[in-house]
Amino acid sequence: MKQYDVAVIGGGPAGYLAAERASEAGLCTLLVEKREVGGVCLNEGCIPTKTLLYSGKLYEYASGEGKTFGVTCKDAQLHHEEVVKRKETVIKTLVGGVSAALKRKKADVFYADASIRKETQGFVISCESNEFLAKTVILATGSEPVIPGIPGVSEGILDGSVLTSREILDLKEIPKELVIVGAGVIGIEMAAYFNIAGSRVTVVEMLEQAGGPIDKDAAEVLQKELEKKGIRFHMKSRVCDVSNNTALVGQDGKQIKLPYDKLLMCVGRKAVTDVPGLTELGVYTERGAIVTDERCQTNIPGLYAAGDVNGKYMLAHVAYREAEVAVNNIIGIADWMDYSAIPGVIYTQPEVSFAGLTEQQARDTGMDIQIKKVTINMSGRHIAEHGMSEGFCKLVIDRKKQIIVGASLVSAYASEIIYAVTLMIQNKIPLESIRRSVFPHPTVCEIIREAVFS
Ligand code: NAI
């Protein structure tokens, strides 16, 4: 039986980065993956959706928005099948890059379903007829879409009329009527692309606001901007039945019928913990996810869990950091997660980004806060490139300490700017220091300076 210092189960962002870091540190490393390395992020999540959304953005300009900037284009068309082909090429390039990096760093990669058991010498990882012995294990099995028990959904999945975020990315044709259940990050990004691509999009959301747990002000602007583009929202509504390509929706005590060609389920994701043998190890779980401490350790000595499987933040960038924390603890370097300033982005037009606490979350802690909010129209570059718009930069300030504890941005480049605020929040940089730093001009990033000075 080949022996390893560390075996990583799952080859998504948490798994492949853990395997790379462990190998770089000189540990004999095994990565077991049942499908393709890259996980949801590269194969059916972050990267494919951004590829589609970028094509959508170009088409939006070419087909009309460009007029504002003195640019028109005759007969602009979006060829969805070409967009999907390009997406495949992008995935192939990136997955190839990950495989090559693992090889270069001399991590062994085994493509199979893994099961796990504990023996006195360590963990035994079984893959088909092969068995490997590992001193430590990093569980990085990720997450999968939640399929709610709404009557008719299982039948719809079988006949192809009900899709999850996995299948919709491979559609060859744009559905005429697309009903999306769930206005979280996935639902919103899918709505944005398919609306541009020609679907009539209706979003059904049971909560009051779109965009998941983002700041209320950001959610309002986001929904308004998407409505202006033609997306219809049914808020505080629930789908209670789907049959014959019609969704029955309960709204304000009434029932409405929404016909569809495709119905997309985006009602959240759940941790994948069905590795045979895991339950027998006695690992603690909570709401279906593996319980870990700030060092990404489970209750079983030597067993770590990183990424979506621990259910904390289902974000690839959090998974990367958790993977590093797990590996560092395995090699004896004290390291832990700091979840105080996790950035998030919704890749719509305009983009929405956030880090740290929302205004409401800060108020709920009882902190004495001050809100500094400025319109994005204070940014010369934003007006030059996008015109006057509804966006903003909102900072939540700890009044006593004079530091930023949360930020929300609705603007162009919001995804790229948020990292600056993430650093400010995480390192508790005093407002006074930010005031003294020089921001490049003209950039949209200057809006942070404007907000700090407001
Ligand atoms: P989510 O939890 O963000 O949103 C699901 C939404 O569905 C919620 O607003 C919920 O109220 C609603 N919902 C649930 N059941 C419903 C029902 N029966 N009827 C109507 N509405 C219902 O989940 P989502 O969007 O599926 O995303 C999953 C994860 O993937 C999130 O953790 C997200 O952060 C991550 N992700 C992040 C991306 C990014 O950073 N850009 C992109 C895609 C995913």
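One-based numbering along the chain as shown.
Quick reminder: no glycine exception, Cβ is built from N, Cα and C everywhere.
Just so you know, TrEMBL annotations are computer predictions that nobody has curated.
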Record TrEMBL, residue Cys41, disulfide partner from Cys28, Cys46: Cys46
One of Glu167, Glu205, Glu208, Glu286 listed by TrEMBL as binding NAD(+) at the site of Gly182, Ala183, Gly184, Val185, Ile186, Gly187, Ile188, Glu189, Gly268: Glu205
Binding-site residues near ligand 1 among Gly184, Ile186, Ile188, Glu205 (Cβ under 6 Å): Gly184, Ile186, Glu205
Sparsest Cβ surroundings (other CB atoms within 10 Å) among the recorded positions Lys50, His441: His441
Of the recorded positions listed as Gly184, Ile188, His441, the one whose CA lies nearest the CA of Lys50 (FAD binding site): Ile188
Cα distance (Å, whole number) from Leu315 (FAD binding site) to Glu205 (NAD(+) binding site): 21
Rounded Cα-Cα span from His441 (active site, proton acceptor) to Leu315 (FAD binding site), Å: 31
Integer Cα-Cα distance in angstrom, Gly182 (NAD(+) binding site) to His317 (FAD binding site): 23
The domain 'Pyridine nucleotide-disulphide oxidoreductase dimerisation' (342-451) - residue tally per DSSP class, helix then strand then coil: 41 helix, 33 strand, 36 coil
